[in-house]
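All remarks here apply to the structure that follows.
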């Protein structure tokens with residue numbers, strides 16, 4: 001009888017490679033539906049807002065560019081970030097920011113949306129943020145350090161803006177009392 005041949009069993013098929021992890025989805029920017037916003041301002045407030053709005057109208061058309069919306073909002077006492085302004089505008093491109101114009105009736109729901117935002121920092125939040133830079137624990141921060149922070153972190157300010165903001169705030173040692181500074185900023 002012939003010797004038995006070793007019959008090799010076919011190798012098991014290699015395990016399929018794991019499916020690649022799906023690319024992380026970009027967090028969806030929730031759009032603000034301005035048409036659904038209920039205007040809660042009094043007639044007197046609306047008249048005041050319109051008066052301020054028209055001060056920014058450079059052409060006499062009773063319209064402002066999208067790039068001016070943040071300035072008007074801030075002039076009216078709100079403190080939205082640039083990101084919040086862009087969000088309420090529908091995230092327009094830089095070209096649209098300078099080219100597109102809106103009327104007061106389009107601006108009012110934006111003002112209401114920003115006013116409804118409860119996440120805006122208050123006096124204590126700003127003081128607490130600056131206290132981090134108070135190395136001596138004496139209520140002051142170095143003017144040079146504050147300039148650097150304002151120009152390089154978060155929503156970066158231009159050097160001219162920083163200088164205008166800090167004008168008259170430093171003492172003879174180059175230090176700034178940050179509680180007085182925050183009061184000054186919030187009153188402007």
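Backbone N, Cα and C define each Cβ position, glycine as well.
What you are looking at is a predicted structure, and each value in this text was computed from that prediction instead of being measured.
For reference, Swiss-Prot has these:
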COMPBIAS  13-25  compositional bias 'Pro residues'
DOMAIN    44-79  domain 'EF-hand 1'
DOMAIN    121-156  domain 'EF-hand 2'
DOMAIN    156-188  domain 'EF-hand 3'
MOD_RES   2  N,N,N-trimethylalanine
MOD_RES   65  phosphothreonine
MOD_RES   67  phosphoserine
MOD_RES   81  phosphothreonine
MOD_RES   93  phosphoserine
REGION    1-30  region 'Disordered'
Distal contacts, the domain 'EF-hand 2' (121-156) - CB-CB under 8 A, six or more residues away: 79, 81-83, 162-163, 165-166, 169-171, 174-179, 181-183, 185-186
Other parts of the chain folded back onto the domain 'EF-hand 1' (44-79), taken as Cβ under 8 Å at six or more residues beyond its ends: 85, 88-89, 92, 96-104, 107-108, 110-111, 114-115, 120-121
Candidates 65, 67, 93 (modified residues) - the one closest to residue 81 (phosphothreonine) by CA: 67
CB contacts for residue 93 (phosphoserine) [other CB atoms within 10 A, all chains]: 10
Residue 67 (phosphoserine) versus residue 93 (phosphoserine) - Cα distance in angstrom: 10
Coarse DSSP state, helix versus strand versus coil, of residue 81 (phosphothreonine): coil
Residue counts (helix, strand, coil, in that order) that DSSP gives for the domain 'EF-hand 2' (121-156): 19 helix, 3 strand, 14 coil
Nonlocal residues around residue 67 (phosphoserine), in sequence order (Cβ under 8 Å, 6 or more apart): 97, 98
Residue, out of the modified residues 65, 81, whose Cβ gathers the largest set of other Cβ atoms within 10 Å: 65
